[in-house]
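*Asks:* I have a structure here, written as structure tokens, and I will follow up with some questions on it.
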Amino acid sequence: MILAFVIYVTLVNINNYLNATCAYTHLYLLVDPRTKPWPLVAKPYQGLIMLAIYLMFVLKWGPKWMKDRPPFNLDKILIVYNGLQVIGCFYLFVSAIYYAWGWDYRWVCEPVDYSNNEKALRVARFVYLYFLLKVIDLLDTVFFVLRKKFNQVSFLHVYHHTGMVMLIWGASTYFPGGHGTLVGVINSFVHVIMYSYYLLTVAVPSVKQSLWWKKYITQLQILQFFWCVVHMGITVFKPDCEYPRWVAAVFLPQNLFMLILFIDFYIKTYIRKPKPVAVNGKEHEN
């Protein structure tokens, strides 16, 4: 009986391994040959290891290491970092419109062009650049940890950054172009505004008192996710659209979830503000 059980378990494990190997091989064969040689593309274990290290650092290793240490003063680093983010996002936004999409983009259905013509290759490079920017965005959380801003390492923040890297990795690997690229263009514009605000708050500390800046940036992010849901949802109701519908099946729930999270954050932060509580004759916020 024991021998039979061992043989059974072994066969099940072999079968699972073969199925996993076949699935991995199938996914690898679907990789766009144009982007396959590029760093971090095609081989998922590279990105997964990077994200695993990121999550372990920002959720466990980093806070534990900083527990008995004073927060780092990263103002100079943040000025350079946010400045480069503004430049990178602005370059991608302007270049993508001028050189790649222009007025040729079909808003209702834009298939992925897998050819090697100049425009298709340029679009693929822009998608890859967008992916690299999402990887660099992970430093946002690292800086929060090093500055002991642990309250900003929220579920919304970590989930958003991790999810974006995974989604855009898929775009760079399997469909670097097409309908979903407009989402990246819009997101790059939003990030120009967002990182400009972050740059100002570090370079000009008095800007931190202008809370209305942050409020409208959050509104812009909510509008962005709403537009993404609508834009990608169009492909679901167009059976003749040649853009992969499974992409929308993955993309829509993710962005709908992000939309809900951002709306919840906005309501808690700007609508249901903490009520002042009297303590020793003075008012304090909860």
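Glycine too: its Cβ is placed from the backbone N, Cα and C atoms.
Curation does not apply to TrEMBL; its annotations are automatic.
Sharing the features that TrEMBL gives for it:
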| type | residues | note |
| --- | --- | --- |
| TRANSMEM | 44-62 | transmembrane segment |
| TRANSMEM | 83-101 | transmembrane segment |
| TRANSMEM | 127-146 | transmembrane segment |
| TRANSMEM | 158-175 | transmembrane segment |
| TRANSMEM | 181-204 | transmembrane segment |
| TRANSMEM | 216-234 | transmembrane segment |
| TRANSMEM | 246-267 | transmembrane segment |
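Describe each of these features in terms of where it is and what it packs against.
*Replies:* Beyond the transmembrane segment (83-101), the same-chain residues lying 6 or more positions past its ends with a Cβ under 8 Å from any Cβ of the stretch are 119, 122-123, 126, 129-130, 133, 136-137, 181-182, 184-185, 188-189, 191-192, 195-196, 198-199.
Same-chain residues lying 6+ beyond the ends of the transmembrane segment (127-146) with a Cβ under 8 Å from its Cβ atoms: 35, 38, 40-41, 50, 54, 57-58, 62-63, 66, 71-72, 74, 77-78, 81, 85, 88-89, 92, 152-153, 157-158, 161, 164-165, 168-169, 171-172, 176-177, 181, 184, 187-188, 191.
Long-range contacts of the transmembrane segment (158-175) within the same chain, counting only residues at least 6 positions beyond its ends with a Cβ under 8 Å from a Cβ of the stretch, are 30-32, 35-36, 38, 40-42, 44, 47, 50-51, 54-55, 58-59, 112, 127-128, 130-131, 134-135, 137-138, 140-141, 184, 243-244, 247, 250-251, 254, 258, 261.
A Cβ distance under 8 Å defines the sequence-distant neighbours of the transmembrane segment (181-204), meaning residues of its chain 6+ beyond its ends; these are 75, 78-79, 82-83, 85-86, 89-90, 92-93, 96-97, 100-101, 105, 107, 110, 123, 126-127, 130, 133, 168, 171, 213-214, 217, 220-221, 224, 227-228, 231-232.
Long-range neighbours of the transmembrane segment (246-267) within the same chain, counting only residues 6 or more positions beyond its ends whose Cβ lies under 8 Å from a Cβ of the stretch, are 155-156, 159-160, 163, 167, 170, 175, 180, 218-219, 221-222, 225-226, 228-229, 232-233, 235-236.
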*Asks:* Using Cβ atoms and a strict cutoff of less than 8 Å, what residues sit near the transmembrane segment (216-234) while being 6 or more residues removed from its termini?
*Replies:* 107-109, 179-180, 182-183, 186-187, 190, 193-194, 197, 241, 247-248, 251-252, 255-256, 258-259, 262-263, 265-266, 269-270
